[in-house]
Amino acid sequence: MTVEGSPDRFTETRPMEYSDNNKTVFIGLLAFCFFTKSLTGAYTKSTISQIERRFEIPSSTVGIIDGSFEMGNLLVITVVSYFGAKFHRPKIIGAGVLLMGIGTLIMALPHFIMSRYMYDTAAAHTNDPANFTMSSTFSSDTQNTVQQLVSGCLKGEVESSPTWVIVLFGNILRGIGEAGIGPLGMSFIDDYARPGNSAFYIGCLHTFGVIGPIFGYSLGSLCASLYVDIGLVDQESVTITPQDSRWVGAWWLGYVVSGLLTLLAALPLWFLPRALPENPQTSKAYHPSNEHKHTLSITEIAKDFWPSIKHLLTNRIYLLYLVSSVLAFNAFAITITYTPKYLEQQFGQSASKTNFLIGVISIPAVALGMFVSGWIMKRFKLGLLGSARLVFFTSVTSLVCIIPYFALSCENIDVAGVTVPYQRSIELQDISCDLLNSCNADCGCPDFLWDPVCGQNGVTYISPCHAGCNSSWGTRQNMTFHGCTCIQSWGLTSGNSSAVLGQCPRESSCTKMFYIYLALQSLAFFVYCLGTVPFFLISLRYCLICGIPAPICFGALIDMTCLKWGQNKCGGRGACRMYDIETFRYLFLGLVSSLQAFSYTLLWIFTTQIKRKVQNDEQMSKDIELQYPVLCDTEQENYVK
């Protein structure tokens, strides 16, 4: 008989002593990890347009950067999920979180090794608020600026290598580090928690995972409102506004903040024990006899790996659902990656405002949908067939909600030589040849220049030079340009031929459509997320590859809609300054809805296959009961006992 307080007694009850505290600490740290990784992921989506402008790269390249997270994740997710569960899971998770933090900080590194952000503007050539003649001086200054920028590539004033690769590398590290957090963390909780508490703990983790994007987009909104070189330049000297297509916010600042938060969550995980049994009698993972059990080698663990994969991939019903999930996730990846950019271009909103409203309107709708989805599953006790039907219904309903998006549109702004001719009576023929006209032919305006001004005729000109202006008044953002011959050629008198810095504002109805779009999008997100819990119930995370091609391919399609490209310092093509928003709208909405339509067609076939399988299983059970009634009664009595 074991005496209370004896060494044997102490050894048997020791897991009980540290179990509750360590379990609480582990769940708290894991929840914080879910929060930081979703915060960083949402912040990355919010900086897409900022990164594109800062590095002067096209959308297809930005798509590669965005998809690099899934690339890194795909490299190790299967191995980590399978082998990691056999070893010290808290330490493996801690190593992954540490790698995520390092990768996030690396993504901010280019800001500290690059030169200051430079943009060409006519306001930089004028420091005297008095009248200033520009007819020849502006042209020569512009040409000198062009020569300085081009020669800078030879003098070493520009980066010798594409520094966006550093951002790509950091995002790959984030993906590698994130691979084991979800699978290993949830399996760890499932092993060492009571069956009734496991679902509650996992639900808490997903709750923190949904809260993260709210803070991520809010952080993105704050950083986008700050100039990229904050603290290094006089803010009053900045002549562009957040609505300008040349504006670059402090994109790097959010990566520093989220990276430090991630590192903060990583270190304590290394000090947790390997096992956290809640109760020696009821725990699924702890048994006293297991303390001296032989530790399996990697070879012994790996022998069942490929048979498990083969068994999974030869399941026809699962493959059908997997293909459906691939299409749906591609549509989802395009939506979450390019929605901020779409709203900026379509409705003329700043990145700061767009990110803020997505964070406070759309993301809470997602959280509410996931909560209601869990309640539906628990309330109606849905099985596999019921889950498939719920996913199909919510998916189709969310697709219907997309249809009104096509009607919520704004027209392209009138830009002389790009979307409208310089004179009303002349039709626009060739965009590349229409940037110069008789009214500005003697000004020597470079084609790549983008310093838009709004004329009194309501037409935007890509620079004061292209507007034919010959004088200016004021400084910085308050500059006005006068004597603009191209504005006079529109039919206005010389007294009405002035222009101000910046693009002409869009029609007032555009802002109203922007808010309507956000409201409908939130409704669609809510309905779609009603099927979130059953979606996770009947699928596994082998759909990581879905997040790789979608941003890259759609980024290339976006580049095809560009009407006016910028130019980088070395003379190559830079970021796009203006898109054909009508074509952009049809590509964005059309591709997303088409992918969803194909996906939901396969989902319907999947649901019918599940229904047929359930009916066959029920019929088989009935046949067995009819053939072996005595055996079935005996088994039922034994089951009751």
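Yeah, the Cβs are placed from backbone N, Cα and C, and that goes for glycine too.
TrEMBL labels come from automatic prediction, so no person has curated them.
Summarising the annotation, TrEMBL assigns domain 'Major facilitator superfamily (MFS) profile' to 26-641. Across all of the domain 'Major facilitator superfamily (MFS) profile' (26-641), the predicted model scores a mean pLDDT of 80.
Annotation comment: TrEMBL describes 434-488 as domain 'Kazal-like'.
Annotation comment: TrEMBL describes 25-43 (among others) as transmembrane segment. With a threshold of 8 Å between CB atoms, the same-chain residues lying at least 6 positions outside the transmembrane segment (25-43) that come near it are 69, 90, 93, 97, 100, 104, 174, 178, 181-182, 185, 188-189, 201, 204-206, 208-217, 219-220, 254-255, 258-259, 261-262, 264-266, 268-269, 272, 276, 359, 363.
Annotation comment: TrEMBL describes 64-85 (among others) as transmembrane segment.
If one looks beyond the transmembrane segment (91-109) by at least 6 residues along the same chain, the residues whose Cβ comes under 8 Å of a Cβ in the stretch are 30, 33, 36-37, 40, 44, 80, 84, 166-167, 169-181, 184-185, 188, 252-253, 255-256, 258-260, 262-263, 265-270, 272, 274. Residues or ranges marked as transmembrane segment in TrEMBL: 91-109 (among others).
The feature transmembrane segment is assigned by TrEMBL to 199-228 (among others). Sequence-distant contacts of the transmembrane segment (199-228) (same chain, six or more residues past either end, CB-CB distance under 8 Å): 27, 30-32, 34-43, 45-47, 50, 54, 111, 117, 185-186, 189-190, 193, 235, 238, 242, 248-254, 257-258, 350-356, 358-360, 363-364, 366-367, 370, 374.
For the transmembrane segment (248-272), same-chain residues at least 6 beyond its ends with a Cβ under 8 Å from one of its own Cβ atoms are 22, 25-26, 29, 32-33, 36-37, 39-40, 43, 46-47, 50-51, 53-54, 90-91, 93-95, 97-98, 100-105, 107-108, 110-112, 117, 170, 216, 219-220, 222-228, 230, 242, 351-352. Under the heading transmembrane segment, TrEMBL lists 248-272 (among others).
Positions annotated as transmembrane segment by TrEMBL: 318-336 (among others).
As annotated by TrEMBL, transmembrane segment applies to 356-376 (among others).
Summarising the annotation, TrEMBL assigns transmembrane segment to 388-408 (among others). Sequence-distant contacts of the transmembrane segment (388-408) (same chain, six or more residues past either end, CB-CB distance under 8 Å): 328, 376, 382, 513, 516-517, 520-521, 523-525, 527-531, 534-535, 538, 585-586, 589, 592-593, 596-597, 599-600, 603-604, 606-607, 610.
The transmembrane segment feature in TrEMBL is assigned to 514-537 (among others).
The transmembrane segment feature in TrEMBL is assigned to 586-606 (among others).
Through the fold, the transmembrane segment (356-376) approaches residues 42, 46, 203, 206-207, 210-211, 213-218, 220-221, 339-340, 343, 382, 390, 518-519, 521-523, 525-534 of its own chain, all at least 6 residues removed from its boundaries and within a Cβ separation under 8 Å.
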